Structures are given as structure tokens and as C-alpha cells.
Amino acid sequence: MEAATAAANLSRIGLAGLAVMGQNLALNIAEKGFPISVYNRSSSKTDETLSRAASEGLAPPLTATYTPRDFVLSIQRPRCIIILVKAGSPVDQTIAALSEFMDPGDSIIDGGNEWYENTERRISEASARGLLYLGMGVSGGEDGARNGPSLMPGGSRDAYNNVEDIVRRVAAQVDDGPCVTYVGSGGSGNFVKMVHNGIEYGDMQLIAEAYDVLKTIGGLSNAELAETFNQWNSGELESFLVEITADIFKVKDELAEGDLVDKILDKTGMKGTGKWTVQQAAELSIAAPTIAAALDSRYLSGLKEEREAASSVFESVGVSGPKLGSVDKKRLVDDVRQALYASKICSYAQGMNLLRAKSNEKGWNLDLGELARIWKGGCIIRAAFLGRIKNAYDRDGALASLLVDNEFAKEMGSRQAAWRRVVGAAVASGIGCPAMSASLAYFDTYRRARLPANLVQAQRDLFGAHTYERVDRSGSFHTEWTKLARKGGRVGAFN
């Protein structure tokens, strides 16, 4: 009887790491009725979580613990423990502290933004001890963690089965189900979250460029910008990022006159997932120029002092700032809307191509349509058109690119004139729009049957004897270009 009572008092799941994301996810789990034990290395965070749970009426299903042993032993077997600590060595240290008291068959679920190869190493190490391991991407920020995030778990299928009932209740809910799915084996969950963040970089930069064009060329006030983004959020651009952008333009500065957005230093921070995405794209030979341009823009934003000095230097030699003229505001707003939409499609297409390439390399068998579905709610890149991306992959699971899906191809075609007007106006005015320009160049390059790459390959063959292929016959060829060109004779080749 005592043993049964003790077992009944054990928690269904545990969560270690009670910073912003961990604390909110723990409260989300408790609110859904799952008894949860929490632990943090510093007891003040544990006390804070317990106090907040009580204030929200969640005290009964949430148990505070203060040592690794008490934490682990307070959870029913097979134990499921979520870790939400800083990526890297803190994860290893936390696993070491907890696994000492865990039993074979117990599961560890890392919910941080971890490098996928670290997850694969930990899967192997956990398996050697009889433990199950998941690397689970969690997107949605503080609000998502508390009210329903998008969850991307990958690793042990058995570990996922052990927590499926919990994560399906905790995740954001959309019209076709909860925003969670078993992504695949190995480090697939963390890799998918990494690419999600790379797409997020592209999305945010494209929105910033749209803002720059409307404000600098169109002369729109912050109030007009707020109204514009509000209108856009009711149409094809409906998304979390467009919604919050409209809100940002409405906020007044509490410390001085004017709008707060105008007082923010133009330097953008980052935590590394965007860089990882671009590195992986390069390693897999996947073109991701929109995401890369967004990353480069963050690097350039960090050179604030250099940019200010450069501005003075170029003004002194006659290169002035953005050239403004009279414009048709209504037309510009509509053109920018179309350009932003077309550019976003390119960014998502690049991310999906990267996911497919990595899936093929690792044998993860990623379902791109299902990944688009679980991004429809909870996460930072949630957007209405993700449902249409899912439909595109449902129509053709082997789709080479979103750009050639019949529906998206028609939309790109109908928007290209406005897209070109916006990029052209920015260039003529001296306004950099690297991500939007990169998206247009990606579209134009991808849709051409023949590129000037033949000349580049000829150059490679001339200086490095790298050979080339011909369009009119099979085989590899090498030509003594310099010798034949300087003799003025007919160019021949041998294979």
C-alpha cells in the first residue's frame, strides 16, 4: 500500500533548467494536467517557478526539487526528463549529474538549440548506458513555451513514444492537429530547428528591407507603417513576424519623445543557428543566398562605428546618402508587398532544399510537408502560407523546389514585375536590400536553362586543367587554351 501511494505521488515528467524557456514550458506542462517535477542548479529559479505556479493556480501538479537525486527519484519510471540549459558543455554537465540516478529505459530530452552532431554523440553515449535520448527543437520564444510551441523532436522513437501524449497536448494546436511530430532519427530534430532559425533570419531581414524601402523611399511614417503591416497581416503575408512588426511601430518611447523603434541602435544580435545553417548549406552545395544575405547583414550591422566613418568618407567624395524623390505611395506599398511575398517563397524554398539534402545524406526520411505543417502554429516563422507549402509537398513529395510547384510558380511569375521595381528603386536610391536582391537573383538564376557557367568552367580548365563537359557530346575534355589562342589557330580538344 505504501509503495502504491509513493508511486502515485511521483511526477509524470521532469524538467531541468528553469530559465525563461524552461520555466514557461514547465508551467505549460503543469497547466495541461501532467504532474511535473522541476529542478535548477540555482535554487532561486526553482523557488521562483514554484511561486509563479502557485500564483497561476498550478501548484498541485508541480513539484520543486533541489538536488539531482531528489529530482530524478521524484519521477515515475520509465522517467522522462526534459533539459533546457545553454547548449554545449552545460548540457553534458547536466546529463552527467542526472544520469547517475537514472535507470535503463529512462529518457533524456534536450530542448535547447543544440548542434545536431552533439545530439548524435549524446544519443550514442546514452545508449551505452541503456538510456533513450531525444534532441527536440522548441520554437516560439517565451510566449510559445508557455502557451503552445512548435516542437521538433528527433532521436529515439521509443523516447518519443514515452512523451507523445504530453508533447501533443503542450504543443500549439492548429486546424490539422498539434504542432509536433516525430521528425526522425539521430540529430534530425535539432537540424530541423536550426534550418527553421535560418529561414527566420531570412524572414526578418526581408521584413526589415521592406520597412527600409517604405520608410526611406516612400516616406511612410511609423503610423502608416503600422497600418500597412496590419493590412498585410490580413492577406497572403499573414504571419507572426508581420503581426509583431505592426505592433512595434505603434509603441511610444517611455523615456523620451517619439517612437521607440527609432531609438533602437541598429546592431542586430545572433546566437549562431543562422551561421550553422549557411555553413551546412555550403557543405551540402545547396544555394541559400537569401539566408546568407540575412546573416551577412547582421555582421555588417555590427560594424556601427565603421559604417558611420564610411558614411562620412563617401559623403566627402560626393557619394551621398539615399536619393529620395516623389513616389506613388500606394503603388510602392503594393509593389513591396508583392516583392516581400516572392522573396519569402525563395527563403523557404532554400531552407526546404537544405533539409532534403541533409535528410538524403543521413537517411532521416524527413517529411517536408509535415514539417511545414508543424510550423503553422507556435513558432516564430508561423505563417498562413505554410499550409500551402504543405500542400505542395503533399502533391509531389519529390518536388525539386517550391519554386516549380505549379501554384507557387504562377505566383512568382505574377509578382516579378513589382519585385523588380522594388529592387531597382532601392538600387537607384542607394539603399541596400541584400536579401530581397539575393532572392530575385536566385529566382532569375534558377529559372534559366543556360547560365554563363560555361565560361567559368573554361577558365578553370585553362589555368588548372580541370576539364569540361560539352553540350553536344559525352565525355570530359581538356583544351590547351592559351597555346591555341595565341597561335590564332582553331581550338581543338582531347578527352
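Counting begins at 1 with the first residue displayed.
Just so you know, glycine gets a Cβ as well, placed from its N, Cα and C.
What TrEMBL annotates here:
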type: ACT_SITE; residues: Lys193; note: active site, proton acceptor
type: ACT_SITE; residues: Glu200; note: active site, proton donor
type: BINDING; residues: Gly17, Leu18, Ala19, Val20, Met21, Gly22, Asn40, Arg41, Ser42, Val85, Lys86, Ala87, Asn113; note: NADP(+) binding site
type: BINDING; residues: Asn113, Ser139, Gly140, Gly141, His196, Asn197, Tyr201, Lys271, Arg298, Arg460, His466; note: substrate binding site
type: DOMAIN; residues: 189-482; note: domain '6-phosphogluconate dehydrogenase C-terminal'
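Residues Gly17, Leu18, Ala19, Val20, Met21, Gly22, Asn40, Arg41, Ser42, Val85, Lys86, Ala87, Asn113 are recorded as binding NADP(+); their most distant pair of Cα atoms lies 21 Å apart. For the substrate site, whose annotated binding residues are Asn113, Ser139, Gly140, Gly141, His196, Asn197, Tyr201, Lys271, Arg298, Arg460, His466, the maximal Cα to Cα separation is 49 Å. The two recorded residues, the residue listed as 'active site, proton donor' and Lys193 (active site, proton acceptor), have Cα atoms 10 Å apart.
Ranked by CA distance from the residue listed as 'active site, proton acceptor', the binding-site residues Gly17, Asn40, Ser42 have Gly17 at the top as the closest. Ala19 (NADP(+) binding site) has none of the binding-site residues Gly140, Tyr201, Arg298, His466 nearby, counting only those with a Cα within 10 angstroms of its own Cα. Rounded to a whole value, the Cα-Cα separation of Lys86 (NADP(+) binding site) and Gly140 (substrate binding site) is 17 Å. If you compare Cα positions, Gly140 (substrate binding site) sits closest to Met21 out of the binding-site residues Gly17, Met21, Ser42, Asn113.
A Cα-Cα distance of 29 Å separates Arg298 (substrate binding site) from Gly17 (NADP(+) binding site). The binding-site residues near His466 (substrate binding site), taking a 10 angstroms Cα-Cα threshold over the set Gly17, Met21, Asn40, Asn113, amount to none.
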